[in-house]
């Protein structure tokens, strides 16, 4: 039997998506801090910015969860007026949290790129972008504060009936679309900047591809912003603003959490490299019994192989920006004699703190 309109609820989808992405963003943030603090603290301004974004995202998740608890995720006609006004008040409080959380995520990405690349034009461009992001955030805050007079008329319907004044729908629609376009454009810029940067990194192609794919999560955050902008017109003219607003809320808050994940992933590259190495090593060891002594040489990536005719040497350095190399050739023994078989020499240089 199909659910009736009265029994329909947005709550499971809303809480399922937003809570999952929030917890994932929190996990990547915790791993980022752990990676920055071990073995020696190496925190930067980008870490401070993402920390502020994470705190604001926590508050956003808490308020948005409370909001849908008030409404039950139901259609507007099944929610009493008192609960609607409480939900509207929470929605008003969430907006500045969301604005500054998204802004701090993008500022964190810019500051991270400032730490890595020192060219003057690059740094001027990134500092200019940070200035633009701050101006857009302030504009969003001001537009929200000026939308209704008195301020409480934003959520108190009785004040509107008693002489309160809010912007006409046409004005509100124009301002909303302009701000959405600005936020969406900066999302795309911040998503593409690291991709262009990775192309110029002096790193193995495999690492570039992995980092590019992971940082492309920023494009997914931008996609959330675009979908949200498309749905806004329906919300501004909706007879069921609670239902339509909650649908947009899923995309709105997903943009924040995915943005945090995208900003954290590049800082976990050393942890990811360790995971890939362990996986590759375990696969090599598992093949040893069937492939023979060659597998012993491959397994030597994690240590010296025990095959008598193979040898593996590993040199690990922690110099930031160093170049990783891998050379395979035939080595001579200490007696000057050529050893039979294949000898693999691997040199890895990696920044252990991301």
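Cβ atoms here come from the backbone N, Cα and C positions, even for glycine.
Just so you know, TrEMBL annotations are computer predictions that nobody has curated.
What TrEMBL says about this protein:
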type	residues	note
TRANSMEM	12-31	transmembrane segment
DOMAIN	31-274	domain 'Rhodopsin'
TRANSMEM	52-70	transmembrane segment
TRANSMEM	90-114	transmembrane segment
TRANSMEM	126-146	transmembrane segment
TRANSMEM	177-197	transmembrane segment
TRANSMEM	209-230	transmembrane segment
TRANSMEM	250-268	transmembrane segment
Among 52-70, 90-114, 177-197, 250-268, the most Cβ pairs under 8 Å with the transmembrane segment (12-31) come from 250-268
On the domain 'Rhodopsin' (31-274), the mean of the pLDDT values is 86
